[in-house]
Each structure stands twice: as C-alpha cells, then as structure tokens.
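If you check TrEMBL, you get these features:
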COMPBIAS  102-125  compositional bias 'Low complexity'
DOMAIN    137-245  domain 'Ig-like'
DOMAIN    343-421  domain 'Ig-like'
DOMAIN    435-529  domain 'Ig-like'
DOMAIN    628-746  domain 'Ig-like'
DOMAIN    755-851  domain 'Fibronectin type-III'
DOMAIN    853-948  domain 'Fibronectin type-III'
DOMAIN    952-1040  domain 'Ig-like'
DOMAIN    1049-1144  domain 'Fibronectin type-III'
DOMAIN    1162-1246  domain 'Ig-like'
REGION    95-144  region 'Disordered'
Amino acid sequence: MPEPVKKTVSAFTKKPKTTEVTAGSTAVFEAETEKSGIKVKWQRAGTEITESEKYVIKTEGNKHALTINNVGKEDDVTYAVIAGSSKVKFELKVKEPEKSETVTPAEAVPAPAVSESPAPPAESSQNTEVSSAETKPEEPLDPIGLFVARPQDGEVTVGGNITFTAKVAGESLLKKPSVKWFKGKWMDLGSKVGQHLQLHDNYDRNTKVYTFEMEIIEANMTFAGGYRCEVSTKDKFDSSNFNLTVNEAPVSGDLDIRAAFRRNTEGHDDGAEFNFSSLLKKSSFLRPSNRGEGKSESQSDVDVWDILRKAPPTEYEKIAFQYGITDLRGMLKRLKRIKKEEKKSTAFLKKLDPAYQVDKGQKIKLMVEVANPDADVKWLKNGQEIQVSGSRYIFEAVGNKRILTINHCSLADDAAYECVVGDEKSFTELFVKEPPILITHPLEDQMVMVGERVEFECEVSEEGATVKWEKDGIELTREETFKYRFKKDGKKQYLIINESTKEDSGHYTVKTNGGVSVAELIVQEKKLEVYQSIADLTVKARDQAVFKCEVSDENVKGIWLKNGKEVIPDERIKISHIGRIHKLTIEDVTPEDEADYSFIPQGFAYNLSAKLQFLEVKIDFVPREEPPKIHLDCLGQSPDTIVVVAGNKLRLDVPVSGDPTPTVIWQKVNKRNDLLRNNDDSMTPSENSSDLNTDNKLLFESEGRVRVEMHEDHCVFIIEGAEKEDEGVYRVILKNPVGEDKADITVKVIDVPDPPEAPTISNIGEDYCTVQWQPPKYDGGQPVLGYILERKKKKSYRWMRLNFDLLKELTYEAKRMIEGVVYEMRIYAVNSIGMSRPSPASQPFMPIAPPSEPTHFTVEDVSDSTVSLKWRPPERIGAGGLDGYMLEYCKDGSTEWIPALPGLTERTSALIKDLVTGDKLYFRIKAVNLAGESGAATIKEPVTVQEILQRPKFWLPRHLRQTLVKKVGETINIVIPFQGKPRPKITWLKDGQTLDSKDVGIRNSSSDTILFIRKAELHHSGAYEVTLQIENMSDKVAITIQIIDKPGPPQNIKLVDVWGFNAALEWTPPLDDGNAQILGYTVQKADKKTMEWYTVFDHYRRTNCIVSDLIMGNEYFFRVFSENLCGLSEAAATTKNSAYIQKTGTTYKPPCYKEHDFSEAPKFTHPLVNRSVIAGYNATLSCAVRGIPKPKIFWFKNKMDLSGDAKYRMFSKQGVLTLEIRKPTPFDGGIYTCKAVNECGEAEIECRLDVRAPQ
C-alpha cells in the first residue's frame, strides 16, 4: 500500500468558505492568518487576482478580505487564497434572481382534490443518483485523501437504476488518476461492464475536477452488498466504501399473476422482464378465468403455483390456456429462475469452502468431513478424477475427515475441484496466486549526449516476468517509430532508446507487482571541447610532419583540408583516428606540402588550422677558416622557449656552420647554472674538465629516449615522450680552432593537472549537499580552467557527470539526489592540455533530512518535585532514522533552555525529577537523527511543579459488584483501580478483621490495589472491605467472595417399595453442600449380574423417585449422587438392599398381518443434471429410478431413441441408470431424456448436455 499523504499545518486560522449569491450582488470572502504581515495572494481559476473596481482586496493586520462587486454568471468558478505554503480553495456559486409573479388570493384558487394513494413516480425506471456533492454541498476538501466527493450509500428498488458518483481534485495531478470499482473485497467491476453496469468519467476544465460514475441498470436482489471505489495517482492512494440496498418491488395484494404474463397490446416491448418468483410470493391464490360469471363466483380459489410446480412440462400449454396466461415463453423463462431449496447433505458433515487461495509454490489442503467414517471419496479436477502421481497429490483419511494435499502449487492447479461421496458432491475453486516479482537490481541514473543510445537495465526475481515501463508517470508502449524497445534476457529487463533527444530527459520507472525502481535520464546537447589544437610546423626536406589534435568525444569523426581541399591519404600521407586523438602524418616532406592545413570535426562548427612551413637548406661556400655559428631565429642571453606537451616527441634541429667542422656540446643548465648533461662527439671527458663541473655527466648516447644526432650541417636534439623532468634550459656550444659560439634554449613541458585530493562533503540535506575541494598540487604548467564533478551510488559502478560547463569555484551544491541512498563524489581538474585523472572518491554519504517534530506532546502527571511527560513519534522520520529525543525546559520569564535529561532518550515518555516546588516551567522536545534536530514541539502553557490534590475514588470493575464465586484450589487475583493524589493509604478488612499476610497477599501501587490468594479454601469466603484514605477524605468498597466445593453424598437412602417393573427410592440431602446450593441429584441403577451403572435421572430436584421400566427377573441396586455448581459429589449413597423384579406368566398371541401390495409406478429418486463436457472425452449421464415391478428403461436424444446407436452404452445397476457417450463431439449436444415404464405407469426426466471444443 502506498504511503498516506502527510497532513500539513495550515497558515490560516480562519478559512474562506463557499458562498452562494444572486447575480448582480456583492460577494465577500474573509480569511485570517496566524501572524500579521504575511503576504496573501488571491486567485481566480488558477490566475492571480489584481485589485480593480470589480475586485477589492483589503488587509488589516492578520485579517484579509476579497470583495467581488457586481457578481455575474462568469464569476461562478473556483477561487483560492495562498499564504506561504498553505493554499485554501473555495467556490462562488451564482444563482439567477427570482422572477416576481402575481400571487392569486387564496380564496380564488380552487383546492385540488387530495388523492388517498400517493402519486406514481415520474419515471418508471426509478432512476436514482447518489452523490455526496448533493447531500453535502459545502463539504470541505479532504486534506488527506484524493476525493472531493465520496460515493454515498444508496437504496434502489428491484428493476430500478442508480448512479454512484465520486469526484477527484485534478489541479495538482499531472495526469488523469486511475479509478477502480470493486464489489466486496476482490471483484473488479471493470470487467463486468455490460447490460446492467456502465462506468463513466469526465473532466471539468473550469473547476479542474474529475468525475467518475458507476451506473447500475435494472438492479436485482443479487446486486445488494458492499462496494469500494479506489483512486490512485503516481504517489497517492485513496479508497471509499459504500453500500447498496436493493428492495423488492411493491406489489398490491390483488395482483393477478396472469396479467403479468399476458402480452401487452399497447406497443410495449414483448420481452419486458418481470420478477416471476416475487409475483408468486405476493399473490399465491389466483382465480382461473371462466366464461360464465356464475361459475367464477362459486368456484373455490385455486393455487396456480402449486399446479405449475406439480405439472409436467407437457401440461404447461394446457394450464396456460386454462388460466389465460398467453406469454408461455416468458413464463417458462422465469420459471427456471426460481431457486430450488437445497436439500441438507446426508453424506457431508462439512463441505469444502466456496474458494481457496494459495501462493505459487506453496502447498494447500482441501478437507471435508463425511458422515460415514468408512465412506470412500473421489477427488475431481475440472471434472476429471485425480490419480495418485508421486508426491504431488496426497490423499488422507483421518476418521471422518478426507484431505487432499496439493504440493508445490503451480498455475496449472488453478482449477475447479470436486469431492464426490456416492451421489453427492462438494464443489470449490482454487486460485493460485503468483508471488510478487521483486526488483533485485534497480535502475541506475544516466547522462548522455543527444543522439546517443540509452539502455536502462534492471534485474527482477523471476525469469520472463512482465514489467511495466513509465516515463514521468506515463506508460511507455511500442510506437510506430519504434522509439522505445523492450528486451528480456532471463531475469534482466532492458529499455532501449536508440537515438536520444532532449525530450527524452526525465524520470523512468520500471514497475512490477512487487516493487518499483526509478532512474533519471539527462540528455545534454553535444558540446565538443578541444583539448589540444594542431600547431604550426617547420620541417626540412624529406623529414616527417605530424599534425595532431585531441577533442573531448572519441566518437567524433572529421576531415583534413589542405588549402580548403580535402586531403586524400596515400602511401606518403597517413590519416589516423585513435580514441580522442586525430593525426595527419606526412612522410618525406617536399616543398609542395607547404600549405595551410585544417581539421574539421563532423557535426560541429569548429575549424582547427595550422601552417606547414618548408625549411629550405641553403649551402653557402665559405672560406675554409670560418668560426662556428649557430643559426637560430632567436639568439642571445635570453633563452628561446619551446613548449612541448608531455608524452609528445621533441625534435630540435639546430643548423650549424664552421670550418673546420666545429665540435657540438649539449648541456642542461640547472638553477645554479651548473651543467647537468653534455655530449661531445670528438672530445673525451678529460679534455673538457676545465670547462665542465666535476658533477656533470657526459652524454655519448646516440640512441635512447634523450639523444643527440650529429650531421654535417646541423645537429638534432631529440626527447622521446617528454616528461616533466625534461623541463629546463639546454645550452648548445660550438667550438673549432677559429672560435666558439653558444645558444640557450628553454624547454617547457606542459601536461594535464595532477588529480585533486578527495573532495569533502558538507551541509547534507534531504536531496542536496555541498561539495568542496582543493586545487591540484601541480597544474601541469598551464592554469586550471575549471573542474568537472561526478557522482555515483555506492553500490554502482557508473559515474554520472554533474556539470558540462567547467566549475570555476572550489565549491558546488549538488542537488536532485534520492534521500536514503549512499553516494560518492569525485573531481577532475581541467587545463588547456586536457583533463586530469579522477580524484579519489569522497567518503560515502547519505542525503538525509531531520525528522519532523514529535506529536501529541502533553503532560501526564505532576508532583511536588517531578513532572511526567509523554509524546508520540514524528509523522516523518526519513531515511536517517531516529537517534532519540532531546527534552528541555525553561523557567517562566527566562529565555535559557536547560536539558531535562542527560543525553538523548529513545522512549516516548519521561519523568523529570528534582524540580523545585512552585516553579512554572515550559517544556519542549525535539527529535534528533544524523541530519540534525527537528523543529520543537512545545507545551503552550507553563506547568506549575506542585502536587495536585485529587479526591480518592475506587473504580470497581463490573464483575466485582456481584458475588465472586471461585472453586476450591483456584487462584484469586482481584485488581481494583483507583485515583487519588497524593498517594493514598489502603486498608483491607475481612468480616471487620485485619487480613493475615501469610494467607492472603496484598500489593499496592499508585493506581491500583491487588488481592492475591494462590489456592482458595472454604474459609476464604466472606465480605471483604477495602478503604482508600487521603488526609480526611476516604472511599471504600465491599467485595463478597464465595468459595465452593463439591458436595457430600446424600444421606439415608433406602428402597421404599418394589412392585411390577418399578422401584421407589427415598433419601435426605447431604450434610455438606460445598458452600453452594444443591442443584439436583443423579440416580443410577445397576444389574446385580454385571454391576454396570446406568443413569436413570440427572439434575433430579426431589429427594424421592420411582425407577420404572425394570427388566423382569433381574435384581437391581441403586445409588444417588448430589450436585452443585462444582459438579457431582465424589461419593454416592448406595442402597443396601436390592430390588428383585419377579416373573409373571403371559400367553403369546401371534398378530394377523394383511398381505401388502408392493407394486409401485416408476419414480426418479435422483434427477439428471445438466452437464458441460469437453469434446473427445467420454461423458456419462446418471440418474436413479424406483419402481415395482422393475421398470423398462428407454433413452432419447432430442426425442430420438438411442437404443440401436453403438455410440451410446446404457447401464442399469440396482436402480442407478447410466448413459455413456463415447468421445462426444459438439453435434452430440442437446436434450437427453430417460424414460422408465412398468405396468403401474411411466415416468421420464431430461437434461441438457453441452459439448464444448477443447481450448
């Protein structure tokens, strides 16, 4: 069951009410708020009202008024007043002004004749409409349920119509609510719509109210009973019960049954329906129609019903003609509706219930009780006998009980079952209920780009289960465009959206009959980010040129352009796309390759451009004596900076000249200008020791990650896969005998930032939280442009991005989370190079909200130093649970709240001790959970710490106001509640004497006193008196206890006289009556031969009796028991002398019997029963007949003799007649007749056989 809607606290102390005014007049609505200064808005049909000549709005303190001048018919709509979060609706009903009419003087108006009988109703169909809106025109809106007007109890006459109406407010609903009508507990009337039941609904756009109607047409007596209307929306549910009473149609005493079946010649429908059985009940004796008036007067009354009941069907036409009943078909139709009186079962003591219900996979027992313990029973399922097969069906017979146990019930066991004992049957139906399908793995939130494929996946508890998919409360179906695709794979269920659009954003729900799972889909517009653009290149002939760019979407394709024309790849030009990186590689560069190159991503308005410059190497002839020269664009002491992205290759070509060929030395300079690395292809380390630091390492490698390649006219410095450690100032030095030259080159390696540290979560609310983080320790050499935040559920593996625009700040408020679900957060840092690796996940956290304030906070008791308080839990606790309650008090006149208890308490009551007598204290209480404290529930008036004097008074239970009777040995526990403050003094007395504490236990508390006796004895009987004393006030009550025991045996029993077959006994009452009145005596007799005692009289009141019907020749003894409330006495008084019944002589005269004639005409003792069988399975028709001599049997089908047909077999065994039809077909259906004939007469009986095709 969905959770009930919680009732909110209204801001209004006085609410405007629905008003009815006359057109043209003025309407005034007034409202009062709890506080003054609250802004109040007035609305008309959902639109805010602005002040004008027609609408006048006034506000004075906390009083607010709306005046509507010159009211017209168009003002008959729904209005509302809003203050804060509270909204109250009301209506203005406009009625037309009454027209003035000329009044005729009373003397001039003739008085109409008053009829003794009431006028007939205007409509013969007796239409009745039941609507709560009519009976309660000013019924307020239900603040908890969904109904504006609930269906009310109704009453209708047989054959009449009635309508039940329910109204639901639709202003706050996103879609039409779902309404179901039920009869009883389970019968859904939605499938019963037809001739007698119609369901209607409509929507009023002005009042925004849904109206649902259930119309019952031509009601009959079976329609009476309890009904229920259920209405449900996405998150609300409500139901309303109502009753329908159906009365019998009124019939006058002289109604003629023949008139009901005569055909109407005035144009009415021939098939008009009449309740034949009720007509027969109302008028049992009717006169037959005769042509002679004299004969009709003298003819005695005739019971037509008795004639119809006894007559065979062949005589119906004759009876109808005799009594003037012309509608024979209508008579026969209604005659079948008469219920036959059910004969009391002789075979069954207890039959099967009408229906059973069991869960799928469970077992169920079907049990009957039979009258004969030795009777054999047969169990049938859908008409077929159940055979023993393994452990699925278990048959048990325990005494009179016969039990059928069905193990591991499946849907195939949902069928009709019968238990057959002889000719009697007991029917029932078994309904197998499938277990609820649970969602074992819920849906997960997803965020995609426009055009991407979306796949929601969940797992249920049963394979192939049927589930229902909804989007924002609207059920999803397969459309013509096949936008949504549903897929099942074992226990997994999929919802697939091939190409998502912005309109697909929303909440998607999967529902089963045992659970619901909701996930959110966010579809964002595609935004392409360029992490690395292509850069200008300057290359020499036959070198390699590589243009590379990196974008945010690895699925984006693009084209490369050269001077505006698409580049066609070949053996020398290669185009590659790996992940997010697009490359254009040109091998063996030629002058023709010098151009502007561009990369255009498909589907985006981007154009990434760069220029390829061809470096032409010119060889100049120089004198043989030439100082070394480094040919760079920028030389001098200020270093030239080269930026390289981490992981990329750095190739630095340095043209050199000099004659003779100079020696090239590469050095890396640290911050202290120390030389870190060097390379000299022609010099040894010892030759350079004067110029280099002794800590420097010489580099002679021509291969490896960092290397130097030497050529005649240039040298190449290469770093493969640049790293952060490669960053610094590199110095190249040229030397030859003529001179020296050097240049400094600064290499800067830039990279994506380091991952930030794990974010911290704070300010956690019901569906939001605040995420904080610190910048990364290393920004990658480029400023951080922003941050990307991701979120996931703790048990999930899918992270969902929360922002598409980079976050500039170091805090972010995450929203739209589900309360009670554990989440984790992580952060990415982004610079111009790209996005860092994700940070470690944050500590798991759960969005929770504080509970609402406790309810029903009241004072339970007050004394001189204590105050007892009690309360109820909050209406809303939330996913954070409830840690406890914090109780505080504040003295009157002070503002300081003092904790009343150390820490939190989990109980819903508390006793505050050690308070100062006479203090006036205010108390308040708060509920506390992980999210914090709730609002405070306070006691408005101060509580004075002072004992309240309460007059002592006993509250004597009703059963103690009479004599309390107990048996010896029973336990006595008497509890008497009382009131009185301060605690009263309690005194118990028995017959004026103080009670013995060893014999009787007394326990007293502040609210009751208890008298306890473990084992009652006779001396405990008597009058007990308990007194309650407070100072000079007292109260007392008296209790009478009577302990009883079994009586003693009667005294002085003697045999007074014996005569014939009789014996006279006398005795006196017992000496011990057991402290209770003697209720009677039990007299028994025993034959001297067997001495087996048999009861002659029980509960006998007198002290003398005569025992009769004794057997001649036997000798008897007698004994008598006495009896009271405890029972019979332990011992009995037995006669000392025996009574002998003497024998007397008799003469036997045999009786004279007349020979009896046993002849009897045939008579069917068990009728044929209408049957419906399945084609292809043998069927039997059985009945029983009695007759002497034995009758001859004939079988007919549709009046045709079946004796010579081999398809039918006839059996007759001890009066039981059976007709077997071998493998019937639908053509074998019809009327079957069994006829029995002997010399005394004949009899026949018939039934209908329906043969239906197998499904």
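In case you wondered, yes, glycine gets a Cβ from its N, Cα and C as well.
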For the domain 'Ig-like' (343-421), the number of residues DSSP places in helix, strand and coil: 3 helix, 39 strand, 37 coil
Range from 137-245, 435-529, 952-1040, 1162-1246 with the greatest count of C-beta pairs under 8 A to the domain 'Fibronectin type-III' (755-851): 435-529
Helix, strand and coil residues within the domain 'Ig-like' (137-245) as assigned by DSSP: 7 helix, 57 strand, 45 coil
Rounded mean pLDDT for the residues that make up the domain 'Ig-like' (952-1040): 90
The domain 'Fibronectin type-III' (755-851), counted residue by residue under DSSP: helix, strand, coil: 0 helix, 32 strand, 65 coil
Secondary structure tally of the domain 'Ig-like' (435-529) (DSSP, helix then strand then coil): 3 helix, 49 strand, 43 coil
Secondary structure content, the domain 'Ig-like' (1162-1246) (per DSSP, counts of residues): 3 helix, 54 strand, 28 coil
